[in-house]
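According to TrEMBL, the protein carries these features:
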- 17: active site, proton acceptor (ACT_SITE)
- 271: substrate binding site (BINDING)
């Protein structure tokens, strides 16, 4: 089975799409598939990380304004034309798309270069011409895709289809008592709105109180493309328990060791849920809000709201309250773990693709 995956990484887009596609690629490779990537050459500081994954990457031309925030929409036909050459040289069985803004027009342009098509989608906004559509998020709403996909398209919806990396699957969930000794802060690969900086400002407010006395370690993983790295290094001064790093090799192990995470409402929700780590969650972009609100309604996270609606004083108060509520942290960790189930799809994705 030959598979090509179209996804992008950039300082504005972050690395979430790449990370979940890499998890899928490695699972397929483990099952004997040949997998390659089609990515825009706008990855910046992410590029060495992507290349270190050891899978073939065909670099498409960079968009001139890729660093704009928000980035301008891709032209689907131009993007399809850029993908056509490598696909024509080696047609694939499956073409997988995980890129907002590309849809049915892109897929129609590439018809004939792949036997089947899988779309990984979070938004339910774009018409798709595909055979499978995967959305691991909540709420599950098959009706949202009624007029967006062909009648024959099979929908794979909900956290059981979360694309967890093999390192996470190898880690066993750890029962926690709700008392926080190790705090992990991570807002993805680039953190455009500066949620990490806001969190450090909140912790500095708490430094003068007794709220942090029980903490032994605070680890902030900034991400290789973090746009605020110089400011983070300055802000980290004066927090003696804090260790600030750009990236870590074993994120699963760091999550497993943590007693509490402060992070974004992206794909890492399911990594935390799998390991049973309680989380204080901020929405960094509007499309993260529905899933965060749904999980909060299920008591599976402590949702703090959109990042732009919080200041350091408010965030400090929410962190302090969480540190004083071990029972609540135990509850949300338990509920989050229940949601993700056994993650059966990522354990054997080739079987599902072959049955499509």
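Every residue, even glycine, has its Cβ placed from backbone N, Cα and C.
Since we're looking at a predicted model, the values are computed, not measured.
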In whole Å, note down how far the CA of residue 17 (active site, proton acceptor) lies from the CA of the residue listed as 'substrate binding site'. 14
Where does the residue listed as 'substrate binding site' sit in DSSP terms: helix, strand, or coil? helix
The one of 17, 271 whose CB sees the fewest other CB atoms within 10 Å, among these recorded positions: 17
